[in-house]
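The next block holds one structure in the form of structure tokens; read it before the comments.
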Ligand code: GLU
């Protein structure tokens with residue numbers, strides 16, 4: 001069966017493909033030269049399945065998307081107490097490179113603006129660390145989160161270092177208030193290299209999924225971060241991840257997210273998914289225009305808004321039974337995107353040898369539109385592969401008795417025999 005999820009993701013890319021609003025970041029010369037056309041989307045589920053479409057092998061620099069992961073590394077190594085003594089956790093509502101600290105404490109207000117991110121970078125590997133050692137620790141952390149060895153883009157680093165006056169000003173300010181001890185030059189060198197770590201959307205989706213899953217990397221099974229660290233990072237990302245647009249983003253899209261000026265955008269759905277997009281043209285706040293549109297579409301069409309989640313506990317596939325000529329998928333609980341995705345994965349992995357396939361939905365307690373649509377479309381594709389299919393759905397949790405192509409969904413033995 002073709003991947004239904006990837007078909008959905010491709011549909012979403014097609015919808016935004018021709019949009020050319022916004023402009024590539026030009027304050028870093030190397031980014032100004034970037035090709036504006038790539039478009040990619042990836043998702044990593046709680047089972048470690050990666051769905052990706054578009055230019056999903058294309059590498060780009062993380063830029064500000066490195067901030068939540070560096071924050072996670074600092075929290076993990078120094079403890080929450082120590083980190084929040086150094087950097088606050090209130091949304092600033094300001095631009096990412098604003099020259100501001102909290103008026104009373106003189107601390108950066110949160111780790112998602114540059115002042116906070118420079119201070120967080122300095123906490124990693126201790127304040128006496130050399131720049132090279134600190135960067136090595138960060139690259140190692142990020143590589144474990146991604147499940148492959150990542151590298152620093154030295155061209156982007158050099159290019160940004162030549163135009164880093166504003167970040168240098170921030171570092172001097174942080175030093176003047178004893179928030180950091182390193183020289184401003186070294187602090188900015190270390191932070192700039194952190195921003196220049198290269199990733200693909202697939203890497204970011206896996207890294208995001210690790211946060212969403214409480215710190216266990218879904219591909220390697222390694223526990224990298226404590227659940228409390230992941231909670232803290234996602235909470236701060238939810239309130240401050242999208243700079244001055246953070247409040248509106250959370251209300252309308254509802255996916256904690258972080259954008260970077262190279263065009264990446266990474267989001268997490270706690271307990272469910274890591275999501276990432278790449279498209280280099282940015283709006284005035286520095287967020288990827290097509291990336292933000294893709295997130296909006298995912299949130300609306302696939303019901304991924306955090307505040308509208310359908311309650312689910314455990315797997316949505318209660319069991320798969322083969323009896324005589326029939327294979328029965330018994331579903332349970334709430335059927336949202338993730339629940340439906342679990343069914344599709346189970347169906348794909350099941351070697352169906354019987355001529356009939358039935359979905360037993362009697363134990364499904366609730367569903368949302370994308371959950372209903374995906375389960376029925378999955379069943380329709382099984383029918384296309386030559387099986388007779390039906391649903392047992394007395395409570396009508398799967399909605400209308402029609403497939404997407406308009407044909408009837410069989411619910412009785414007589415109907416199944418007509419196929
Ligand atoms: N390295 C960039 C800077 O500090 C990151 C900014 C961003 O991605 O928003 O200016």
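Quick reminder: no glycine exception, Cβ is built from N, Cα and C everywhere.
Look at TrEMBL and you will find 64, 114, 160, 167, 191, 243, 261 tagged as substrate binding site. For residue 167 (substrate binding site), applying a Cβ distance below 8 Å and a minimum sequence separation of six or more within one chain yields 97, 114, 118, 188, 191, 192.
Marked as domain 'STAS' by TrEMBL: 328-395.
The binding-site residues considered are 191, 243; of these, 243 has the fewest other C-beta atoms within 10 angstroms of its C-beta. For ligand 1, the binding-site residues lying close by, meaning a CB under 6 A from one of its atoms, are 114, 261; the full candidate list was 114, 191, 243, 261. When averaged over the domain 'STAS' (328-395), pLDDT in the model lands at 94. Secondary structure of the domain 'STAS' (328-395) per DSSP, as helix, strand and coil residue counts: 29 helix, 25 strand, 14 coil.
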